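See below for the structure under consideration.
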Amino acid sequence: MLEQIRGPADLQHLSTHQLRELAAEIREFLIHKVAATGGHLGPNLGVVELTLALHRVFDSPHDPIIFDTGHQAYVHKMLTGRAHEFESLRKKGGLSGYPSRSESEHDWVESSHASAALSYADGLAKAFELSGHRNRHVVAVVGDGALTGGMCWEALNNIAASGRPVIIVVNDNGRSYAPTIGGVADHLATLRLQPAYEQALQRGRDALRALPLVGKFAYRVMHSVKAGIKDSLSPQLLFTDLGLKYVGPVDGHDERAVEAALRHARGFGRPVIVHVVTRKGMGYAPAEDDEADQMHSCGVIDPITGQATKVAGPGWTATFSDALIGYARKRRDIVAITAAMPGPTGLTPFGQQFPDRLFDVGIAEQHAMTSAAGLAMGGMHPVVAIYSTFLNRAFDQIMMDVALHRLPVTMVLDRAGITGSDGASHNGMWDLSILGVVPGMRVAAPRDAARLREELGEALDVDDGPTALRFPKGDVGEDIPAIERRGSGLSGVDVLALPASGCNHDVLLIGVGAFAPMALAVARRLADQGIGVTVVDPRWVLPVSDSILELAARHKLVVTCEDNGVNGGVGSAVSAALRRAELDVPCRDVGLPQRFYEHASRGELLADLALTDQDIARRITGWVAALGSGVAEAEIREHLD
C-alpha cells in the first residue's frame, strides 16, 4: 500500500481498515530501512498515526506542517513522495535525516534544533495574515521534550495573544532522549474540549451577561467560581490561562481519534493546543524495551534483534564519562549538568554514581549555563556536557553570566568538528570561533584519551574563570606520546615530531585536537620531500601559548590544522598572536571553509574539503616552494588561494 502513496492526496479516500494496514506497513518499512542506514528510529515509530492524521486533515504544503526536533519527520517524508529514497537516508547525496527545503515543498524549515517550531509558526501565521491568506492554517508539531525549552514559551506567549489560526500539536511521549524532566512534563494532563462544548459555553456567557442589572456581576461571580474549580481539577490551565484552546489528551495511536481532534482544532479558527499522547518506539519490541531512550537514535542494527551489527571501539564520550567519575570520587564539589541528553553526552553513569550531583535541566541550554554559574558561585565546580552545535544557543549566558563573573564552569563539548550524517545543523564547527571572543576563556582540544583525562583534570583545577574541552564524535584511537613538553601547566605544548636528520626547520605544523594524527601523517609525507616539519599539539588551544610563539620564531612557516571553521579559529588566533609579538613568520590555516555542509560521512566530507593528509601535504609543499622562491607575500597569498 505504501508504494501507492505519492503524496498526501492519496490518503484522503482510505478506510479505517486501510489506514491501520498502512500504519503497520510504515512501521515495518521504518524498522528495516533505518536498521540499514542508522537514524532516529524510536521517535518516528511513535508518530505514525499522528502524521497520517496531519496529512489527512491539513492541506500540505498550503497549510505548513512544521516539525520541531525534525528527526521525527521520517513518516512525513514517506507520505510526501520520498519513500523510494530511504535507501539513501543520511548518506552523501541522499535523503536528509531532517526536513530539507531542497528536497520537498512540504518541508518548510530545516528543523533539527529543538523548541524553534512555534516561532516559525508564529511568523508564518503573521505573514499569511498580512498577505490576505486567511484560509491557511499553520501546524507546529512539538515533542520529544521540546516544551522544556524556553523559546517555546516565548512563542506561546505571542501566539496566544495573536488569535491567529496556529495549531500546536504536542506529541507527548514523555521523553526527549531520556525521560522528559521538569514541571512542564508533569503538567501535561487532561481536559477534553469539543467545539460544541465551547459553543454552548459561549451561549451561556452571552445569556448571563444579558440579564438586566445583575448580568455582568453574575457573570463575574460564576466565572470566578468556575475558574476556582478548574484550577483545582485541570492541569491544562497551563495553556488555557495563556488564552490557548486545549484539546486532549488524545490517544496518539488511534488515527481516527487524532484526526477528529485535529478537525475540531482546525474549526476553532484561533490558536489551539492538541495534546496527543504517543509511545516512543511503538510497535518495535527492541525499542519499546529500551529503557534508556527507546532507541532514539541508532547506528546500523539487526532489524530483528535491534542490536548493533558493528561493535564500536573506545569512544571519546565514554572516555570523558569514566574520567569525570574518577575525579568526582575525589572531589565532592564536582557536579554535572545536561540539557536533556545524559546518555549521548556520557553523563548517565555519573548520575548512577552520584544521583544528587547530576542536574538534567531539559532542552534549556541557556538556563543550563546560568544555573551552572549559580552553582559555581555557591562553591561547586559544574561540568556542563553539551553537543558543540548546541553551545551556540547559550552564548550570551557564557559571556555575561559565567565569564563576566570569572566563574569556574567547565564546558565539555561533544561532537566537535565535522560530525557527518546528521548534516549542517549538527556539525560542531563554530565553538572555537565563539569561545575565542570570550574574555578569560581557556579551551582545550585533546588529541587522545590520555590527554582528555589530563586536560579535564586541569580544567577542574581552574578556579578563576571558565574552561572548555572539545572532542569529536566516534572512536578515540590510540594514544600519541609526546617527544617533549614545552612550557608548564595550561601553557605547556606537546612536541609530537621533529624535523628529520639533515632537514631544516621549515614548517611548524600545529595539529589541533583530533587532527593531531593527521598532522603527523602530513609531516611524514613532507619529510619524504626533504621538508623539515615540527609537529606540536597545543593542548590548550586558546589562548595561544607563549611556547607556540617561541617555536614559531624558529621556523619559516606556521600552519594550523583544525576541525573548526577557519574564520575565528585557532589559525586566526595564532596569526593575531604572531602579529602582536611582532614575529615576521607567515601563518596559514587549514580548516573548514565557512559554510553549511550537507550530510555525508565524516571521511567523505573531509575528502571533499581536501582535508586529508595527502591534500594538506600538497598545499604545504606549494607554500614552502613559494616562500623559497622569494616571491612577495601578496603573490604567495594569491598562489595559495
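If you go along the chain as it appears here, the first residue is 1 and each next one adds 1.
The backbone N, Cα and C atoms fix where each Cβ goes, glycine too.
Straight from Swiss-Prot, the features:
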BINDING   His71, Ser112, His113, Ala114, Gly145, Ala146, Asn173, Tyr284, Glu365  thiamine diphosphate binding site
BINDING   Asp144, Asn173  Mg(2+) binding site
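Sequence features, as recorded in Swiss-Prot, placed on the structure.
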{"residue": "His71", "record": "thiamine diphosphate binding site", "Cβ neighbours (10 Å)": "23"}
{"residue": "His113", "record": "thiamine diphosphate binding site", "Cβ neighbours (10 Å)": "22"}
{"residue": "Gly145", "record": "thiamine diphosphate binding site", "Cβ neighbours (10 Å)": "30"}
{"residue": "Asn173", "record": "thiamine diphosphate binding site", "Cβ neighbours (10 Å)": "25"}
{"residue": "Glu365", "record": "thiamine diphosphate binding site", "Cβ neighbours (10 Å)": "27"}
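For the thiamine diphosphate site, whose binding residues are given in the record as His71, Ser112, His113, Ala114, Gly145, Ala146, Asn173, Tyr284, Glu365, the maximum C-alpha distance rounds to 32 Å. DSSP assigns His71 (thiamine diphosphate binding site) to a helical segment in the three-state reduction. Under the three-state DSSP scheme, Glu365 (thiamine diphosphate binding site) falls in the helix class.
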